[in-house]
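Chemist: Just dropping this structure here.
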Amino acid sequence: MKVLLVFDFDNTIIDDNSDTWIVQCAPDKKLPIELQDSYQKGLWTEFMGRVFKYLRDEGVKADELKRAVTSLPFTSGMIELLSFLRMNKDRFDCIIISDSNSIFIDWVLEAAAFHDVFDHVFTNPASFDSSGRLTVKNYHAHSCTRCPKNLCKNTVLGEFIDKQLQKGVRYTRIVYIGDGGNDVCPVTFLKKNDVAMPREGYTLHRTLAKMSQNLEPMESSIVVWSSGVEIISHLQFLIKM
């Protein structure tokens, strides 16, 4: 049986937020104040829809967005980690669950030739309309009160595990690699053999530390990382167990 690796994308695989990164395509590399102030909590995808409309209205073309997105740096050690996983696909299945969008993730994975590492990518579907505007839809509707309106990562992970079980695929454990507040929900549902891997110093790490102080126990083990090379070391340890 394999290990399932679940990756976030922004600030995990890549070392920034792809949505905020493309603001560099705007005039003077910033958004108008009224557009910045239009964000409402939990409605990030709707906000980004307005950002993409503004960029289109300012004459920003798809190839400019692509140049910006594919210039995003990978997080330290992540290229080494993804290369390690490619060489060990017999031991690991890898999926991405991300609040970014399908076009940005495709661009990054294609430019770096890492598409083959991942078995599935779950994210907000995106496309360019006839006017050249990038449009992004919510991934799904859900009833989770802890997550943004467009995506509950725990629901997505649970549905994926169920579908794999229906195909007769079981995993020895789940390793969840992430950084953000929207990674808290799926991580808290991990089981005893599973591993939560929060990026050091980021929201997920701080939240799990606070939960520990408040004696809110988690079933899974927690392994903090700051480089993909550290993740490789832990995965090598797991497959030797």
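One-based numbering along the chain as shown.
Keep in mind that glycine also has a Cβ here, set from the backbone N, Cα and C atoms.
Model, not experiment: these values are computed from the prediction.
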Chemist: Starting from the Mg(2+) binding annotation in Swiss-Prot that includes Asp8, Asp10, which of Asp162, Asp179 is the extra site residue?
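Modeler: Swiss-Prot lists Asp8, Asp10 binding Mg(2+), and from Asp162, Asp179 it also lists Asp179.
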Chemist: Given Asp179 (Mg(2+) binding site) and Asp8 (active site, nucleophile), what distance in Å do their CA atoms have, once rounded to a whole number?
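Modeler: Just about 7 Å between their Cα atoms.
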Chemist: Rounded to the nearest angstrom, how far is the Cα of Asp99 (substrate binding site) from the Cα of Asp8 (active site, nucleophile)?
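Modeler: So the Cα of Asp99 (substrate binding site) lies 8 Å away from that of Asp8 (active site, nucleophile).
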Chemist: Just to confirm: which same-chain residues, 6+ apart in sequence, have a Cβ under 8 Å from the Cβ of Asp99 (substrate binding site)?
Modeler: Asp10, Trp44, Thr45, Thr123, Asn124, Pro148, Asn150, Leu151, Gly180, Asn182
Chemist: How many other Cβ atoms are found within 10 Å of the Cβ atom of Asp179 (Mg(2+) binding site), counting all protein chains shown?
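Modeler: So the Cβ neighbour count for Asp179 (Mg(2+) binding site) comes to 22.
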Chemist: When you measure from the Cβ of Asp10 (Mg(2+) binding site), how many other Cβ atoms are you left with inside 10 Å?
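Modeler: Around the Cβ of Asp10 (Mg(2+) binding site), 23 other Cβ atoms lie within 10 Å.
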